[in-house]
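Heads up, the thing below is written out as structure tokens.
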Amino acid sequence: MRVMGVDPGLTRCGLSMVEGGHGRTVTALDVDVVRTPADMDLAHRLMLVADAAEYWMDTHRPGAVAIERVFAQHNVRTAMGTAQAGGVIALAAARRDIPVVFHTPSEVKAAVTGNGNADKAQVTAMVTRILGLQTAPKPADAADALALAICHCWRAPLLARMAAAEAKAAEAKRRYTERLAEQRKAVRG
């Protein structure tokens, strides 16, 4: 499974591409950080982020895009910019029929380090180790994008099994409800 990991941001947006193999084998294919000037207007900054993400999607052809879910930050303006960057990337993926999955920072940290409260240094160290890199990816946005892609490679099979189980349970409930309705009808009839 080829996964594009995205650590969204306006000033720095981490992009990564990994290939998931058998078991927990993951290989890094590419990683970069898109930078936009803080003094540029918002629409053009978003366009630069979207253009880079679209180029990556068209070049690498991922099977899924994993984006960090933004749910709270101390600075509302930063949170808005981060969410907007993630949104334009999700839109670019949707236009290409590429599934988009959002993972929380704690899910990513737990998947990569085993600790949902790990710090950036721990995440970077584990990403370096998991991917067998000679040097740690820098800046942190690059490491975070790789961590997101790794997280999705490892969580995707579990998420698929859970979705299948939920669908099976919904179908069983539907059949049960139909049988119950038929029995009630027979008793009344």
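Each Cβ is built from the backbone N, Cα and C atoms, and glycine gets one as well.
If you check Swiss-Prot, you get these features:
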{"type": "ACT_SITE", "residues": "Asp7", "note": "active site"}
{"type": "ACT_SITE", "residues": "Glu68", "note": "active site"}
{"type": "ACT_SITE", "residues": "Asp141", "note": "active site"}
{"type": "BINDING", "residues": "Asp7, Asp141", "note": "Mg(2+) 1 binding site"}
{"type": "BINDING", "residues": "Glu68", "note": "Mg(2+) 2 binding site"}
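What Swiss-Prot annotates, mapped onto the structure for a quick look.
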residue	record	DSSP (3 states)
Asp7	active site	strand
Glu68	active site	strand
Asp141	active site	helix
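All chains included, 24 other C-beta atoms sit within 10 angstroms of the C-beta of Asp141 (active site). With a 10 A radius on its CB, Asp7 (active site) counts 29 other CB atoms from all the protein chains.
Rounded to a whole number, the distance between the Cα atoms of Glu68 (active site) and Asp7 (active site) is 6 Å. Note: Glu68 (active site) has non-local neighbours Val6, Asp7, Pro8, Gly86, Phe102, His103, Thr104, Pro105, Val108, Asp144, Leu148, i.e. same-chain residues 6+ apart with C-beta under 8 A of its own C-beta.
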